[in-house]
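What follows is one structure encoded as structure tokens, with my remarks underneath.
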Amino acid sequence: MLDIRLIREQPDLVKASLGRTGVDPAQVDAVLAYDEQRRALLREVEQLKALRNAVSKEIGKMSDAAARDAKIAEMRAVGDRIAELDRELAAVEEQQYAALMELRNLPHPSVPDGPDETYNVVIAQEGEPRTFDFTPKPHWELGEALDIIDFERGVKLSGSRFYVLKGPGARLQRALIQWMLDLHGKQGYDEVYTPFVVKEQCMWGARQLPKFRDNLYRDVEDDLWLVPTAEVPVTNLHRDEILDADQLPLRYCAYTPCFRREKMSAGRDVRGIKRGHQFDKVEMYMFVRPETSYDELEKLRADAEETCRLLGLPFRTKELCTGDLGFAATRTYDIEVWAPGQGEWLEVSSCSNVEAFQARAANIRYRPEPGARPEYVHTLNGSGLGLPRTLIAILENYQQADGSVVIPEVLRPYMGGIEVIRRT
């Protein structure tokens, strides 16, 4: 959520910044128009309340009953007008809030300009893609041949874009989650295990609403929402709190399944497990002082890259351009791993600084020093990593000519002695 004071005091700067992402300046003008209405109504309400207070004091001193009754009737009309204005004010404030929540975050000045993902900039690449002496298979062929991915039964259970992991495939998924959580603990993140359903207020605080409403699953009867990412519950751990400066930075990691309707991806990536309605992810999340947030973004990126490195996966890091930047982000790095069976790079982590955009919506503040006025924290989030794309990359990079898949060394302690997945 953007700062209304910034919009009010520097509208041209806000329009120019949002214009880099394709936002129509009329959206900013709408917020300003509601803001002026709201302030005009507030002025009128305050003037009438001041008048009522002054006249009330006069009435107490009046000896003429007729004159006093006339003043009382006059003030009753003033009270009715105040009540009417309060209703108008509430409606305008609701409209202004809705317009404000439609505005995305401002991109950082350093973010490269560009209309779409083709303008993203590769800033790092590590690990040489493996050279095969056979034609590598895509993961869906490997998974079915090894009997570790069952697409048919996934569809039978839940419909399209669902699947079942079996035997060592299910164990490999679990091993990845446990290993990632252990790794991030060593990197300085405190593990939390949160609910997978949240109140609507949490969706607003994490800025999933209103933009992504059509992509979310909701229980209408109880007004609870399935989480699309652990970012949602973890953001709201400190909603409506004032943190002490010495608590910061707070760094968390969390595993959750993620639920997305994928309406915006209809017809894309229909084969395999690359894009599903339910998938697992380990998330890294930070609450930090504003002056340190871009240093923390570099740590977040380094920690995600280290995860890929330890798994032995070739990866590259991109900085996203303005046209591909997420709604809440000011700056984002995407980390992609090579999938030789499909011949493409797969995004497994997106590391973003959202500055105070979520904190302002969720009212998360900190006190820079004892007695100081509270300020909004900055928040950052990054996948560490997303599954099943990490699973895809392991299957395709570690496949052997006989169709078996070697388990990465770091995962073997979590695999109960399994070092190679073979068809049994």
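For all residues, glycine too, the Cβ spot is worked out from N, Cα and C.
L-serine binds T229, A230, E231, S383 as Swiss-Prot records it, and from the list E283, E291, E296, E319 the residue named for this site is E283. Within 10 Å of the C-beta atom of R260 (ATP binding site) sit 21 other C-beta atoms, taking all shown protein chains into account. A gap of 9 Å separates the Cα atoms of T229 (L-serine binding site) and R260 (ATP binding site).
If you measure from the Cα atom of S349 (ATP binding site) to that of S383 (L-serine binding site), you get 5 Å. Classification of E262 (ATP binding site) by DSSP places it in coil, neither helical nor stranded.
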